[in-house]
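In what follows, a structure is listed as structure tokens, so that the remarks can point back to it.
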Amino acid sequence: MTKANPFAALKWLSLAPALLLGGCDMTLFNPKGQVGMDERTLIITATLLMLIVVIPVIVMTLAFAWKYRASNTQAEYKPDWHHSNRIEAVVWLVPCVIIAILGWITWESTHKLDPYRPLDSEVKPVTIQAVSLDWKWLFIYPEQGIATVNEIAFPKDTPVNFQITSDSVMNSFFIPQLGSQIYSMAGMMTKLHLIANEEGVFDGISANYSGGGFSGMRFKAIATSEQGFQDWVAKVKAAPASLSIGTYPELVKPSENVPPTYFSSVSPELFGHILTKYEHHGDAKGAAHGEHAGAEHEAAMTGHDMQDMDMQAMQGMKDMKDMHMQPSTQE
């Protein structure tokens, strides 16, 4: 009877990660927009440059461990060896050259891929104002006069200028197949410029944890033809609901897994209202603090004046007492 090898199953278990990872979609390495393609090139280039150092180190570590193993009595032993100009040149020169190249690439790509930098194109861009809520995305099209929740559309080969803010905690706006992510924060506006090189439906996500409904805070980004975009706008304008500053408080209430929702019209001032209401809140707090501080200062000054008056009164009483106690000169 042969004994079962407890390690025999490990070689089959080692295939499990490959099988599981086979179902994963490498979204970042399958970009559908120019910004995403440039970022993929940057990631691959930087990784290959670093592998110039990493791979030789791994190979030499394994080679030296094998060559100088205890059973290899033929390996040359040099106990007095301590320096080599060639080795010093390689271990210093190669990393320095790689760092210099990476530095140049970083400088160039940082400016080229700046999310605030408008994309070079002769086509008029589409402007979309994005607001992160709990737990959904509100999108306003100021030029078309419409708004949506958890769905956007735009023509392919057309720059899309996103103006992003938050009406809740800090969040992050991200369409992985199109390019960069950018944070959304209450009381301030961030910008992002993207473009789709082909038609398709791309997943948009929140890339920053924001509470219980975070996992369902997803939206669809539809890149279509110019005619397809106009048809989509017409469909939204046919929706029965509208969005105004008065009805907005109902929308902003926390909700999870919200389906795409259309608003046929939207108040032109809504995005500005969302953007500035936290600034006014800060001003009000500052004014209240100033009034409180002024009241404290006035009370302190009043108390100080009263203390001075009390001291003067006590001094006057002391002087009168001294006068009564002095003997008369006639006596």
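Here the Cβ of each residue, glycine as well, is placed from N, Cα and C on the backbone.
Under the heading signal peptide, Swiss-Prot lists 1-23.
Within the same chain, residues 109, 112-113, 119, 176-180, 193-198, 200, 202-203, 223 sit at least 6 positions outside the topological domain 'Periplasmic' (24-41) and bring their C-beta atoms closer than 8 Å to a C-beta of that stretch. Here Swiss-Prot flags 24-41 (among others) as topological domain 'Periplasmic', drawing on sequence analysis.
The S-diacylglycerol cysteine annotation in Swiss-Prot covers CYS24.
Per Swiss-Prot, the feature N-palmitoyl cysteine maps to CYS24; the stated evidence is sequence analysis.
As annotated by Swiss-Prot, transmembrane segment applies to 42-62 (among others). Within its own chain, the transmembrane segment (42-62) has Cβ neighbours under 8 Å at 28-29, 94-95, 98, 101-102, 105, 109, 113, counting only residues six or more beyond its boundaries.
Long-range neighbours of the topological domain 'Cytoplasmic' (63-86) within the same chain, counting only residues 6 or more positions beyond its ends whose Cβ lies under 8 Å from a Cβ of the stretch, are absent. Swiss-Prot lists 63-86 with the feature topological domain 'Cytoplasmic'.
Under the heading transmembrane segment, Swiss-Prot lists 87-107 (among others), citing sequence analysis as support. For the transmembrane segment (87-107), the list of distant contacts is 42, 45-46, 49-50, 52-53: same-chain residues at least six beyond its ends, Cβ to Cβ under 8 Å.
Summarising the annotation, Swiss-Prot assigns topological domain 'Periplasmic' to 108-331 (among others). Summed and averaged per residue, pLDDT over the topological domain 'Periplasmic' (108-331) gives 84.
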